[in-house]
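**Q** Before I ask anything, let me first share the structure, which is written out below as structure tokens.
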């Protein structure tokens with residue numbers, strides 16, 4: 001797979017020619033091959049080295065004024081500003097993993113950071129045979145220390161579009177991520193007849209010009225949110241023109257995706273962003289046929305634009321049937337943190353035979369619209385809006401399963417809102433709560449009024465260290481509406497049961513949180529937003545009165561989904577994957593501060609044993 005980019009020259013902001021440069025991404029890895037019915041599974045070995053790096057380093061020399069310098073070995077152009085990054089193998093995005101279903105993936109991650117620990121999560125992979133490879137520190141493994149090396153070893157048993165990313169600190173927001181594409185043979189790919197080429201991957205991320213640790217410190221200690229300045233597509237993007245010493249101006253490179261007229265192309269789109277920046281994307285003069293979400297197929301649906309939240313992935317098919325020309329692919333941050341900064345980006349859709357120039361259409365935050373525009377996954381809307389194509393209205397292309405039964409085996413309510421905790425009378429135990437101060441209050445991100453706190457050891461691999469007071473839930477944690485509650489929040493579910501999650505955003509703040517469940521896909525069976533706030537008791541009353549309609553047949557399968565502010569989303573999953581599985585808001589800062597919990601599926605005797613000599617960690621108290 002190649003990343004095609006164009007260097008856009010804009011001396012004095014006047015349009016000039018575009019130069020195409022191809023940057024290979026793992027094209028030469030032996031596991032990047034055709035996936036056919038007779039393909040033999042391979043062992044795919046990757047060496048990842050994590051290090052601190054910088055965009056626009058010395059390796060970039062005179063980029064963008066000397067165009068080829070932007071693609072010198074080791075140059076990370078990004079959007080043109082020098083910034084500290086966490087990169088794997090000095091790549092942004094990191095190395096792509098391109099394999100066939102059934103391949104064994106081995107990734108040796110070497111941590112060359114001087115002081116920080118790290119880990120990798122394989123977002124969307126169930127890891128049923130290797131749950132200890134899920135990559136969540138102190139849930140499934142110990143953090144990888146500086147100078148340490150950890151081997152991830154698992155079988156890619158689910159085909160689709162996935163992403164790998166750090167699950168430590170703010171590393172994902174500073175570049176530690178990459179695509180993971182698992183293809184299946186044509187005979188087992190029901191979408192195969194809908195496209196001719198499967199070669200384009202878009203990795204999207206919101207981008208601030210300030211280092212992530214500084215963003216975090218400002219946000220949580222002052223309440224002044226540092227919002228994304230722009231968006232990157234495959235690590236590239238234009239923001240402000242770059243001025244030379246003689247006063248001329250140029251833009252940085254943007255991504256280019258090549259097509260040939262008459263062919264149909266599968267695009268795999270990944271949002272690995274870290275802030276509340278849902279992105280809307282569209283192609284000028286083209287529609288999209290959406291065929292998959294989060295690696296699971298849906299009944300194809302034609303739309304004009306698509307909104308994608310952090311952690312989500314969508315596969316679309318684009319028919320190259322327009323005039324041979326260059327067209328903008330447009331991205332803009334919606335609502336949340338990005339509408340204020342008007343963060344937006346473009347890439348180029350280039351037909352074979354088109355001149356290597358910038359598309360003629362204007363680049364702006366506002367995108368061209370048309371009458372009766374069809375938009376998938378609208379922000380902060382559910383099925384209460386008939387014109388909106390919200391997630392529950394999609395139809396799965398996969399057979400119904402155990403979750404379609406009329407009543408679940410277990411029903412779990414998860415509520416959240418921002419809790420303003422009164423601290424006018426200083427309490428010593430509040431000194432270390434690193435969350436924004438609002439007048440005399442502190443604002444907390446919680447689930448069921450509990451701020452999640454990681455244990456000092458991984459629950460999955462060191463269960464013998466669990467003590468009676470190690471874990472908590474909303475039953476054991478008392479008086480959390482008035483007092484600050486923090487603990488390792490764990491909810492139990494029986495193995496092989498059907499679990500229904502009713503997630504309620506009470507709505508005092510206008511934020512839409514994308515929630516992600518590790519180890520599973522779930523059915524999205526209901527979603528609704530109310531005018532104003534909602535309480536759990538009001539929602540339960542509505543349910544008793546039959547006012548909540550569940551879609552039990554053909555509900556779409558996902559692993560990341562939005563919960564509308566002042567509304568609810570209802571999910572179901574078949575709890576057939578034993579272990580401790582993390583559930584959290586996919587906004588990095590919200591999860592870091594405590595908007596998370598763990599599902600314990602089954603009992604310890606049901607869990608797979610970790611490999612011999614698996615790393616251990618924990619607290620140490622000397623004995624005298």
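Placement of Cβ uses the backbone N, Cα and C atoms for every residue, glycine included.
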**Q** Region 'Disordered' per TrEMBL: which of the ranges 377-408, 409-440, 441-472 is that?
**A** 377-408
**Q** If I take every residue in the domain 'Plastocyanin-like' (199-354) and average their pLDDT values, what number comes out?
**A** 91
**Q** Using DSSP, what is the helix/strand/coil residue split across the domain 'Plastocyanin-like' (475-602)?
**A** 15 helix, 56 strand, 57 coil
